[in-house]
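Comments concern the structure below.
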Amino acid sequence: MKQYLDFLKWVLEKGKHKENRTSVDTISAFGYQMRFDLSKGFPLVTTKKTNFSAIAHELLWFIKGDTNIKYLVDNKVNIWNQWPYESYKKSQDFQSESLKEFIQKIKDDNEFAQKHGNLGPVYGKQWRDFLGIDQLKKVIEQIKNNPNSRRLIVSSWNPSEIDTMLLPPCHTLFQFYVNDNKLSCHLYQRSADAFLGIPFNIASYALLTFLLAQETNLEVGDFVHSIGDAHIYVNHLEQVKTQLKRNPKELPKLIIKNKNIFEINFEDIELVDYEFDPIIKGEVAV
């Protein structure tokens with residue numbers, strides 16, 4: 001996707017060296033926006049292989065209101081593992097297990113998973129139970145019954161619970177917009193890992209828009225992505241330069257078989273005609 005490559009170029013050109021809460025410094029710039037016409041294909045990055053299975057499972061995890069990594073690791077999704085592991089290492093139960101051993105315990109021992117696999121009241125909790133309000137269900141009802149509303153908003157940023165989250169929400173608020181029988185989505189993201197995170201975030205909220213459009217009998221419109229602190233970790237610079245040498249391919253298509261968003265399973269979502277360049281690996285900063 002040209003929009004994503006242009007974003008990477010912008011961070012490299014405008015960004016400044018900056019320290020942060022992790023042990024890895026960044027090249028950081030502030031304030032950027034991308035727009036994707038979802039009718040022209042599903043916006044999954046093609047200039048490196050991007051793990052759609054992980055993206056879809058994570059979104060379904062959000063939709064279910066789940067905040068425990070057990071569902072994810074049971075489905076071979078490991079993008080959240082590091083945070084509960086770091087928390088576990090500080091607990092009295094820690095017995096010098098490696099990350100791999102910790103994850104195996106999450107898979108094998110439900111009691112252990114319940115105690116040590118939870119991330120706190122992160123995305124799923126806020127979407128489905130923000131101080132007792134099911135925001136996702138409510139916004140779907142509003143889209144169906146009052147599509148011209150300017151209040152079609154879901155917020156993941158709950159100041160009263162931020163300190164109890166292992167990682168506060170990076171993608172903090174999204175708004176829907178209905179026009180000409182098309183559903184569009186606008187995401188505001190406070191913090192954006194340009195190399196590892198943004199390809200996931202684009203695809204995740206595009207998928208959410210497709211799911212809600214089907215649920216509400218609408219076509220898909222645009223996905224608009226606004227970013228606050230956009231950064232490339234310094235240990236990702238070579239990977240980004242490699243990716244910028246590649247040319248985007250045609251976007252894949254998405255087939256959704258189940259109309260009810262609250263009953264949908266991974267098997268109901270099919271990605272077709274996805275062509276991609278080889279994977280480019282990078283370490284996540286915790």
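Numbers here mean position along the shown chain, with the first residue as 1.
Using N, Cα and C of the backbone, Cβ positions are placed for all residues, glycine too.
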Can you match one of ASN181, ASN201 to the dUMP site that Swiss-Prot gives for ARG21, ARG150, ARG151, ARG190, SER191, ALA192, ASP193, HIS231, ILE232, TYR233?
ASN201
Length of the line joining the Cα atoms of SER191 (dUMP binding site) and CYS170 (active site, nucleophile), in Å:
5
Take the Cβ of ARG151 (dUMP binding site) and count every other Cβ within 10 Å, whichever protein chain it belongs to.
10
Which recorded positions are spatial neighbours of TYR233 (dUMP binding site) here, meaning Cα within 10 Å, out of ASN51, CYS170, ALA285?
ALA285
Among all the protein chains here, how many other CB atoms are within 10 A of the CB of SER191 (dUMP binding site)?
18
Taking DSSP as the reference, which of helix, strand or coil describes CYS170 (active site, nucleophile)?
coil
Which three-state DSSP class does ARG21 (dUMP binding site) fall into?
coil
